[in-house]
C-alpha cells in the first residue's frame, strides 16, 4: 500500500499512535473493572453453593425469601460490574470503528485526488489493503485487551503465592518419639496476633497446666479463648515461649508438634471419600472405625451428609486413636473431658 501511494505512511503512522493511545486509556479502566467484576462474582457462587448444601435446612426454617433476597443483592452487584465491563468494551469498539472509518475515508479521497497518476487496479489494491489493515489492527487491539483482562485471574492467584509461609514442617531437631511424656504445658509471656499489623489478641499471658489437669477456658466473645488453641498449634506464630514437657514448641517442626496434640472442634466435619481414608496419618488404626461403619462407607460424597451424631462419634474416635497427651476441646458439652488421662483444655 505504501509502495503504491508513499504519502499513506503518514496517516498510517498517525493511526498507529491513535490506536496505542486508545489501548492504553482503555486498559487503565478495564483492569480495575475486571478486578471489581471478579470480586463481586465470588459471593454469588459461594452463596449458591452454600444454599444448595443447606437446602433442607433453609426449607425447614422457611428462610427461602431471605436467601433469595440475599442472592438477588449479590447478583445485582455482580450485574452492575458486568454491565460496566460490557459498556467499556463497546466504547473501545465504537472508537476503533470511528477511527478506522475516518482513515478509510482519507485514503479514498486521497486516491481520488491522485486519480490521474494511479490506475484503477492500483486504487482497488490500496482500498482493499486499507480495509484488511483496519481489520487486523482492530483484532490485535481487542485481543491484547482481552488477554490483559484475563490475566487479572492470574494476578489474583499470584496473591496467594506471595503470602507468608508457615514454619517448616520438620526441623533439624526432632523431639523424642515418646514426647510429650506427661503433657504439662507452660505459657510464658505470650503475645499473640493474627497478622503482623493486627491488634494483640493475647497479651502477656502466663499459665501453667499440670499433667492430667482438666482446665476450662471461659470468657466473652472475642476474649481470645480460641486464640489460645491457635497459638498452641502455631497457626500464627505467637510471641513468647510455650513449653510442652520442657520443650519449646517453636524449636520443633509443625508436623512434629501438631500430630502430638488432638482437638475436638465445634463443627464435626467428615472428609470426602470413604471412612477408611478420613483419619489422617492413622493407617494402623483404621480397623477401630469398623465398629461405627465399614471402611468403604462413604463420608460426604456428592453432597450426601451424615447425621450429626455419627459425625460426632467418628470425630471423637479419630481424636482419641493417637492417644495424645494434650487434648484441646472447642466444645463445652463434649463428654470426652471426663475420661481421658491427659491435660484437657476446654473452651
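Numbers here mean position along the shown chain, with the first residue as 1.
Cβ coordinates are placed from backbone N, Cα and C, and glycine is handled just like the others.
Note that the coordinates shown come from a computational prediction; the quantities given were computed from them, not determined experimentally.
Residues or ranges marked as domain 'ABC transmembrane type-1' in TrEMBL: 1-149.
Residues annotated as transmembrane segment in TrEMBL: 6-27 (among others).
The annotation transmembrane segment is assigned in TrEMBL to 92-115 (among others).
With a cut-off of 8 Å between Cβ atoms, the residues of this chain six or more beyond the transmembrane segment (121-141) that come close are 1, 4-5, 8, 12, 15-16, 19, 22-23, 92, 96-97, 100, 103-104, 107-108, 111, 115. Annotation source TrEMBL lists transmembrane segment at 121-141 (among others).
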Per-state residue totals over the domain 'ABC transmembrane type-1' (1-149) - DSSP helix, strand, coil:
134 helix, 0 strand, 15 coil
